[in-house]
């Protein structure tokens, strides 16, 4: 396919809207043949560090471009902002935020700030999110934290950390250990959802522990550039913090840098969904076309 | 100068770090001669609508580029985000926020959320901001609202509104009418600062009126695209709102669009200062150089 595209009369761009790791593994081949790549597919940028390096080495060798804004925060200006900070010589010290629309929705619903009516148990909130199509077909693909870990891997690498793989740092999974072994089949998913209520007490305890301190619990990712620490998991936040106040399935990403000082540069908004992801991909494609002219 | 730059052996870029309206008026001449323009100078984009149209017509005719990210929010990704939204076919319905680092600092200090100690009177806060170098040499250049009005003019035009000039819509000036006539000389500025305390009661009343409703007062700009209404001035905000919770001299810009629904895309952070403005200009310059290759 790379050879076919490279033989096109004009300049060719591969827009990869899959989440296929095999296609992502071939990006260096496309790029070396002069085919640019635009994609929301996280696999190429968040798997082995060797592939990451090969992708950007291939792009640097030739005149093909690679843009992947929608791999983090869909259409939100996250990748481009971080690249601008780095390219202009700012020193990024810390990045933290809520990077999953699904997990944002789950916790904003399960542990809302200043709720008057008691929220539903955890398993019911997960079931509701699944019915609304907010989760992957198998909710465990959201609850295992790997999607957030992949996004953090990408940002950490842009910030200069050589993260070996998306499982090279601590990731707190929200899948009860007892249910992790259920198969990923339709039957396994049904069993998972049926047994999840058994663990509502555990999540309620986590929520109540935070409430006792006047806080709420959220699922966040953070990168400390100086200490090279990346982690994904539950954290408590003050009720009046920006992270606690998120609505719906919004993402929030805070960039702490030398130039911005103690108040971070913040990007916030819907970080998932077809429309906004398509915006990110299309905006990237327009930029590639402008540069290839 | 345009002819000189156009005769350069390579492609030339004019980086205009002045705030000179005459130089801004010549952008079309530079662009028509193939010289690209990168600038934080608001004058070219926020003065007569005819100049705005001429600048972009000149850029469209040739192969020179014009980038002006730092005209709004310094290094924050405001212009680029709005252009991406528009270019990818989203419908921007409303833009609102705090667009002045100076006015952000003044109101965050004068009417902080949940303050334990009473804040200083308005005139003292203005004097403090002036001493810290947060205001223009003549603070009236911040207090008259024109800087915010120029930024709103630029955003409104990108969003598709044909705003004739930065004074073509309501702008609430914070300069007492009695002091507006003082000359812009060093002596005039000294007189202005000396007489400002006479009007502390007026500002205190505005602050207390908001407090009676459990709110705080902030100086904001808003663009309603559907009704084509642009306005700049004081508004009351709930204490737990993002605008009320701003810190220091941070800006916050919210984009309400069809795709993003009821939760806007938000960009927040330092929107003024040499370092972050230089970042915006440098990032623009890098993009122009990439596209001109």
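Cβ coordinates come from backbone N, Cα and C, glycine included.
DSSP assigns residue A:151 (active site, proton donor) to a helical segment in the three-state reduction. Annotation source TrEMBL lists active site, proton donor at A:151.
Residue A:42 (NADPH binding site) falls within neither a helix nor a strand when secondary structure is assigned with DSSP, and so counts as coil. Long-range Cβ proximity for residue A:42 (NADPH binding site), meaning a same-chain Cβ under 8 A and a gap of 6 or more residues, is found for A:19, A:71, A:72, A:147, A:150, A:151, A:154. Look at TrEMBL and you will find A:18, A:42 tagged as NADPH binding site.
Here TrEMBL flags A:136 as L-homoserine binding site. Every protein chain shown contributes to the tally, and the Cβ of residue A:136 (L-homoserine binding site) ends up with 14 other Cβ atoms within 10 Å.
TrEMBL lists A:10-69 with the feature domain 'Aspartate/homoserine dehydrogenase NAD-binding'.
The domain 'Homoserine dehydrogenase catalytic' annotation in TrEMBL covers A:77-286. Confidence across the domain 'Homoserine dehydrogenase catalytic' (A:77-286), taken as the mean pLDDT and rounded to a whole number, stands at 95.
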Where residue A:18 (NADPH binding site) and residue A:136 (L-homoserine binding site) are concerned, what is their Cα separation in Å, rounded?
15
Out of A:18, A:151, give me whichever of these recorded positions has the highest number of other Cβ atoms within 10 Å.
A:151
